[in-house]
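Student: If you scroll down you'll find the structure; I have some questions about it.
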Amino acid sequence: PLKTLMAEGVSQTPSCPRENPPTQEPRKSSSSRKSFRLNYRHEEEVTPSRRDSSGRFVNPWPTWQFPSYTTVLRLFLMEKNHSNVPSSKEVLDKELPVLEPYFIHNPEQCGQVGSSLRVTWLGHATVLLEMDGLVVLTDPMFSQRASPMPFLGPKRYRGPACTVAQLPRVDAVLISHTHYDHLDASSVAALNSRFGAELRWFVPLGLLDWMRKNGCENVIELDWWEENCVPGHDDLTFVCTPAQHWCKRTPTDDNRALWGSWTVLGPNNRFFFAGDTGYCSVFEEIGKRFGPFDLAAIPIGAYLPRGIMKSQHVDPEEAVQIHIDVQAKNSLAIHWGTFALAYEYYLEPPVRVRDAMVAHGLNPDHFFTLSHGESRLVTQDEAVH
């Protein structure tokens, strides 16, 4: 369980510039720290990102109270681990089946959803989104361990639904933060090898240099409330929105990079990716500014012991509150059923989500789970198929 912590000048033009194809030095022409669209950070009614005196990013909400490492150690040693993940593959195949995604044998169908939206859960926080002509991947994690070392750290008990080689075309990738279960170097390398400079990466502030060092050529780095788009698709807007979390990959880089959620605004659909987050008031800000959303992807797992996890990981009831705050018509449960990162029973999160939806008088089918590899179509009449 202690390994959880390890795994873990703007233009005001309304359209996205269409960039030239990569040249001899694509990094200079394709990667940017700038937002090409309206910059919401300067509006008083939204919460901007903040840094401390040492330049490290901080959470600006009173709901952020990160425990000391002494407290973390004490709680993990004293609290009972209720996860009880079966060692039997047969049991896991029954309880949490891994399905073959439709696009493995029908890649030409990917992106052909008209005015609807299709989502495929590939495991943990990795989602393949088809929306308004674009295919978007979130927090790609295709490795067996969430760790800098292949032999140590949290290991998957449910494998990825596909390999990078089996993916259909992907136009953009959204990265929420630097923890190893969300930013996996091997997966980044595989995506680079497959798609090269044609793939646009959207990352929070402070991650551009890491992405460049890992071979990414087409990177847009944004602060909270800044936005950009994919060249040739300027009718879709990608906004880096806030979340309550933290960043760390090495012993000394605590919070040198920003964390965030992502909002995707299209002509027919709106999508919200919460990434990894504790609950705070910012989700109401996001809902007021960009809601309602046709679909949100919201984490529901890794929430016990609560004394450690509360500030950084929502529990199922708080996940439902985010669903309400951002004005999501439908939400997909993510960040559960893949890695044993915390102490709750491994099948508990979706049960509590359903109960919380009912307690709020909401249709529980509008906050749904998928099997690994399963897809859902969300149509304009708000139906989920």
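Glycine is no exception: its Cβ is also placed from the backbone N, Cα and C atoms.
Annotation source TrEMBL lists Zn(2+) 1 binding site at His177, His179, His245, Asp276. Positions annotated as Zn(2+) 2 binding site by TrEMBL: Asp181, His182, Asp276, His335. Here TrEMBL flags Lys248, Thr252, Ala340 as deoxycholate binding site. The annotation compositional bias 'Basic and acidic residues' is assigned in TrEMBL to 40-54. Annotation source TrEMBL lists domain 'Metallo-beta-lactamase' at 136-336. Per TrEMBL, region 'Disordered' is recorded for 1-54.
Help me picture these features in the structure, burial and contacts included.
Tutor: Counting only same-chain residues six or more apart in sequence, the Cβ atoms lying under 8 angstroms from the Cβ of His177 (Zn(2+) 1 binding site) belong to Leu183, Pro204, Ala243, His245, Trp246, Cys247, Ala257, Leu258, Trp259, Gly260, Gly275, Asp276. DSSP classifies His177 (Zn(2+) 1 binding site) as coil under the three-state reduction.
Long-range Cβ neighbours of His335 (Zn(2+) 2 binding site) (same chain, at least 6 residues apart, Cβ-Cβ under 8 Å): His124, Ala125, Asp276, Pro299, Ile300, Gly301, Ala302, His313.
Within 10 Å of the C-beta atom of Ala340 (deoxycholate binding site) sit 20 other C-beta atoms, taking all shown protein chains into account.
Confidence for the domain 'Metallo-beta-lactamase' (136-336), expressed as mean pLDDT, is 97.
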Student: List the Cα distance (Å, whole number) between His182 (Zn(2+) 2 binding site) and Ala340 (deoxycholate binding site).
Tutor: 14
Student: Cα-Cα, whole number of Å: His179 (Zn(2+) 1 binding site) versus Lys248 (deoxycholate binding site)?
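Tutor: Between the Cα atoms of His179 (Zn(2+) 1 binding site) and Lys248 (deoxycholate binding site), the distance comes to 6 Å.
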Student: For a quick check of packing: other C-beta atoms within 10 Å of the C-beta of Asp181 (Zn(2+) 2 binding site), how many?
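Tutor: Result for Asp181 (Zn(2+) 2 binding site): 28 neighbouring Cβ atoms inside 10 Å.
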